[in-house]
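Colleague: My questions all concern the structure below.
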Amino acid sequence: MDMSQYLDIFMEESKEHLQSMNDILMQLENSPKNINLLNEIFRIAHTLKGMSGTMGFSNIASLTHEMENILDDIRNKNIVITAKVIDVLFECFDELESYVDQIEKHNNEGALTSQDLVKKLQALKHHEDIGEAKQPLKNFEVSDDAQPIDITINHYTNDIIKKAIERDFNVFSIKITLDKKCMLKSARAYIVINTLEKLAEIIQSTPSIEDIEDEKFDLSFELIIVSKCDEAYIRKELNGISEIESVEVLDFKNTRYSVEFSEEDDKNLEKFEEHQQALDSPSSENKKEEANSRKSKTGKTVRVDIDRLDNLMNLVSELIIIKTRLEDIDDLEKRQRMNEATEHLERITTSLHDAVMKVRMVPIERVFNRFPRMVRDLSKELNKEISLIMTGADTEVDRTVIDEIGDPLIHLIRNSIDHGIEDTGTRLRVNKDKQGTVKLSAYPDGNSVVIEVEDDGKGIDIDKVKAKAIDKNIISLQQCQLMEDNEIIQLLFTPGFSTADKISDISGRGVGLDVVKTKIEALGGTVEVNSSINKGSKFVIRLPLTLAIIQALLVVTGDEKYAIPLNNIKEISTIEANSIRKVQGNEVVLFRNTTLPILRLSKLLNVPNYVEDKLEYTIVIVKKGDRTAGIVVDELIGQQEIVIKSLGKFLSNIKGIAGATILGNGSVALILDTNSFF
Amino acid sequence: MDNNNERTNQYVIFKLEEEYYGVAINFVETIEKVLEITRLPNTPHYIKGVINLRGEVIPVIDLRTRFKMGEKTLTEESRIIILTVEEMTIGLLVDSSSEVLTIEKENIDNTNSLINHTEDDYIKGIGKEDDRMIIILDILKILTQDSQEV
């Protein structure tokens, strides 16, 4: 059977599974006793095994099989989780990831490379097998791992009940029969469940909660709950609900029960895990709710081919162009009636635009979630204790940004860990917490998204940067003396600059920060550094929310129209022609007590037949990081929503031009890349 | 690409000054009347600018300037031939264009020995059709070499 049509789905899903495996391994390392995490990994390994088996990827299948064996032993307490075990599991993860990568690139999983790993896994098992005699299995049999899911289920149920009883919880089986006249059965059942959830944890329901919600039950349903409350109280609470015919509450011990889960899909599993989690930490109700909402959310997402989205986006673009064209109709008489229609059209296009943009938005989590592992590995490698604090992972950014922002962020984080954070000894000497902190945060800010990478390390040594810059002939000594600290720091982004004394594997190859900057600017964003000695440094990345439709200011120079992206503009002002001074051949004016370089758009763009005859100039003050410059234009047309069109492969990288857009009258206006002017 | 050229012997014929030129028809998307051209600063002089072709922004090369013929004001006859080569879409500004001809391979002479100009490179051969000489252009070369110069 041809499996290739499923390959994409396989790739997508296995990547997702691997990512969550990674996350959970990280968590497991921190709380090795948490059985839920273990179950989760087990579940993932099993799912992967099944998926890859179906697709005929035997290497992945066999490796996950071995992982399952080990995980099962851990779960049965035959193996104690040690750092070594975690390391081997991480290695397994890496191996799986490389198999999946291989499949993505070559459509096959390549040669079997995991024999060593399998041996390691088996060694773990055998080493601990000796201990097995001392710790015999308690309750249940481990059957052959051909059907591990069954074991899992049995185990869960047993485990929850066992644990509950151990912890002095009461376990009840409740049978609710609704009144025959009850009109809205599912709503009534919902009230019952809701009431019970306030008092107890529902660990099982027959039929399932989903079926109950869909009214797929007769008049009665059964629930198994775990609660601190006693039987009488629960009964009293339930009897308070109307339209219920009878309530039977039985202490679980007296209930005849057989563990019979015929349908063990992932959903069920997840639910059990959640219940279990709630049991483990009955106080953390919020956490459970959070997990609940997150899970139901993922259920609602649809994978959409990005091409289709782009197409939708283009349609919207066209619509916006038409809208602008309508706005331009000058006939006064018609205008009256047109206005109303245009306004309506505007409302529609705006909301359509928003809707499409939202479809393209994905939480930045997708980038962030690979960092904990990276930081863990780096801190081990460099022997520094580092904690990574991530906030705002749910901030949404455009899909394109997700794909591009990973590398720059990796670089900044590595930079912070390698160059920023001191080794433990130094930290203790300067009275800092032994553990270094890297903060990664994302938040929306107006029309842009801000991502910050902050460390509490030694900060950037301005003098060292100066020395290096002079040494590398990036600036001259004279220039250096004139520069402010802030400007000096920006030199870090110059190509070929690296202040690390030693070239390490992690950073310090000098290809770093300038690449970061280029990449971020390519996305239409900016990057800035703030740093204070011994307190740490902070890199602030600012990215536009949307990449295809932007707000721009239309300006005229000569008889040509150009668009300047609004996010590059600081303000607009006028200056007297005679206030312009020349400093070393460059024009500047004194503007609000700072010198502002003046650039003439007509010169920058070599506008033909341009006559310079004004007494007063309109300047658009543009910003690039902390720097500003005033661009002289002849006329301002106004602010407009423009659709960015690429100039195509043939004309890539024209100096000063970022792209083009189509104006309401159908003519093309070029979008200026003001960052390249100064 | 070459193979395609050999297979279809049809050429879109256009005029620059008094000469006839041809480009293989499989590169040609459409032939347009001259639309409003927006100047592109900081590009080689033979790039006339960009046009809005039904929502797409397409660069236009002025073939006269490209072949160092000197500029000529646009007329009613002027056309922009829209071509797509290796995922690049561009327009060629020409004096006029009105016909498509089938020129058999044996009626096309190899030019290497005949002409010794700088634009020699872009000429694939000379076709003969009813006493007319038609200069067949290697469009791929014009574009790829152009983009390198850009």
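From the backbone N, Cα and C atoms, a Cβ is placed for every residue, glycine too.
Okay, these came from TrEMBL:
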- A:1-103: domain 'HPt' (DOMAIN)
- A:310-547: domain 'Histidine kinase' (DOMAIN)
- A:549-678: domain 'CheW-like' (DOMAIN)
- A:HIS46: phosphohistidine (MOD_RES)
- A:271-299: region 'Disordered' (REGION)
Colleague: If you run through the domain 'CheW-like' (A:549-678) with DSSP, how many residues end up as helix, strand and coil?
Modeller: 16 helix, 76 strand, 38 coil
Colleague: How many helix, strand and coil residues does the domain 'HPt' (A:1-103) contain under DSSP?
Modeller: 87 helix, 0 strand, 16 coil
Colleague: Across the domain 'HPt' (A:1-103), what does the mean pLDDT come to, as a whole number?
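Modeller: Overall, the domain 'HPt' (A:1-103) comes to a mean pLDDT of 81.
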Colleague: Mind giving me a neighbour count for A:HIS46 (phosphohistidine)? Other Cβ atoms within 10 Å of its Cβ, every protein chain shown.
Modeller: 21
